[in-house]
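Reading through the C-alpha cells given below for one structure.
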Amino acid sequence: MWHLVLNRRGRLTHDRKGFSGKLRTQLKRSGILKMAITGAGTTPDDDDHGEPFVLRATKIAAVVALYWFISITMVFLNSYLLDNKDLNAPLFVTFYQCLVSVGLCGFMQLLSTIKPGLVDVPSVNFELKTSREVLPLSIVFIGMITFNNLCLKYVGVAFYTIGRSLSTVFNVLLSFIILKQSTSLQALVCCGIILGGFWLGVDQEGVAGSLSWSGVFFGVLASACVSLNAIYTKKVMPAVDGSIWKLTYYNNINACVLFIPLILVFGELGRLSSFNRLDDLKFWGMMTLGGVFGFAIGYVTGLQIKFTSPLTHNVSGTAKACAQTVIAVVYNASSKSVLWWTSNMMVLGGSSAYTWVKSREMQKTSRKEPQEPDREKLLQGEKGDAGV
C-alpha cells in the first residue's frame, strides 16, 4: 500500500513500505536524542529492557573497561611511535594512521555486504561534491590529530593531560565568537579552575626542568582544533546525511590527500628515504596497530555513550585521563611534586564540574521547551540523528 509521508523538505511524498515502520524508527531516534540531552542512561526502546541488574552492570563495566584499554593504549602507542629517534616524521605517522582508517572503512563495508547480520555498516560511494563539502572540517581535523601527536611527541604521556586541557575553555570562547552563545557564571568558574590548573602545571613542569614550550604550544593549538572540530562537524553533517560513518570515511580520505603536500613541504620524504627500518615488519606492525586503535577509539566512544550516557562518558574520560597520568608517572619512575599533582586535579576537577554544570543546564532547558506536534518531532529526529 502507498502512504503519504512528509519528507525532509516538508513535502508530501508516497511511501510504499508503509508509514508505521518509519514512525517507529523515528520515535526511537527521538528517544536517543532525549537521552543525549537529559543525560539519561536508557531509553524506553532499549533492547536490554528488563535485563537483570547484574547482567546490565557487567555489560556496562565491560564497555567502560574496553574504552579505557583502547584509549590509554592508543596514547602510549602513539607516544612510542612519535618518540622514535631514527624517524622524525610525525606527519607521516599521522598520515599512515588515516590511511589505515580508510582501509578499515572499506573492509567493514565489504564485511557488511558479505555478512549483513554480523556487521551493520552503510555502503558509501565516494562523491567529489561531498568530499569538497567536507573539506573545511577535514582541514580542522588534520590540525587536530597533527597537533595532538606533536604535543604528545614533545611533552610525553604524563604531561599530556595538562598540555591538552584547554579544549573546554576554547569550547566556551569559540561558541561565543562563532555561534554567539553565552555561558553561565558557573561554567565560567569551571573554566577558570581549568586555566589555573593549566598555568600551575606548566609552572611545575618548568620547575622540574622538563618543560617543553613547543609541546605546550602544540597542546594549545590541539585544544583549539578539538573545539573547532566539534563546531564544523555540526555544519557539515547535512552533506553526509547525518551519518557519522560516512563523515569518518570522507574525513580520512581528504586527510590522506592533504597530508601528501605537507609531508613534502616539511621534508619528511627525505627522512623516510634515509630511514633504515622501512623493511622492518615490526615497525609497520606497530604503525598499523596505531591506525587500528585510532579507528577503534571512535567506535568504543559511541559504544560507551550508548551503554551509559553522555555525562557518564565525560566522567569516565576524566577518570581515564587521571589513570593514564598515574600509569605514565609510575612507568617512567618519575617523581612529581604535590603542586604538580594539584594542577592535574584542578584540570580534571574543573572539566568534570563543567560537564555536570552543562548537563544540568541542558536538563532545565529541555523541561522548559513546550511540547511540539508529532510531525515536528519526526523532522527534528531526522535532523538530530547526526549528533547521536
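Placement of Cβ uses the backbone N, Cα and C atoms for every residue, glycine included.
Here is what TrEMBL records for this protein:
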- 59-330: domain 'Sugar phosphate transporter' (DOMAIN)
- 60-81: transmembrane segment (TRANSMEM)
- 93-114: transmembrane segment (TRANSMEM)
- 134-152: transmembrane segment (TRANSMEM)
- 159-179: transmembrane segment (TRANSMEM)
- 185-202: transmembrane segment (TRANSMEM)
- 214-232: transmembrane segment (TRANSMEM)
- 252-269: transmembrane segment (TRANSMEM)
- 281-301: transmembrane segment (TRANSMEM)
- 338-357: transmembrane segment (TRANSMEM)
- 362-388: region 'Disordered' (REGION)
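Under 8 Å from some Cβ of the transmembrane segment (252-269) lie the Cβ atoms of residues 88-89, 91-92, 94-95, 98-99, 101-102, 105, 126, 131, 134-135, 138-139, 141-142, 145, all in the same chain and six or more residues away from its ends.
Below 8 angstroms of C-beta separation, residues 75, 79, 148, 151-152, 187-188, 190-191, 194-195, 197-198, 201-202, 205, 210, 215-216, 218-220, 222-224, 226-228, 230-231, 321-322, 324-325, 328, 343-344, 347-348, 350-351, 354 of the same chain, each at least six residues beyond the ends of the transmembrane segment (159-179), sit close to that stretch. Note on the transmembrane segment (60-81): residues 93, 149, 152-153, 156-157, 160, 286-287, 289-290, 293-294, 296-297, 300-301, 303-304, 307-308, 316-317, 320, 323-324, 327-328 of its chain, located 6 or more positions outside it, place their CB under 8 angstroms from a CB of the stretch. Using a cut-off of 8 Å between Cβ atoms, the transmembrane segment (185-202) and the transmembrane segment (338-357) share at least three residue pairs, counting only pairs 6 or more apart in sequence.
The transmembrane segment (93-114) shares the most Cβ pairs under 8 Å with 134-152, out of the stretches 134-152, 214-232, 338-357. Per-residue pLDDT, averaged over the domain 'Sugar phosphate transporter' (59-330), rounds to 87.
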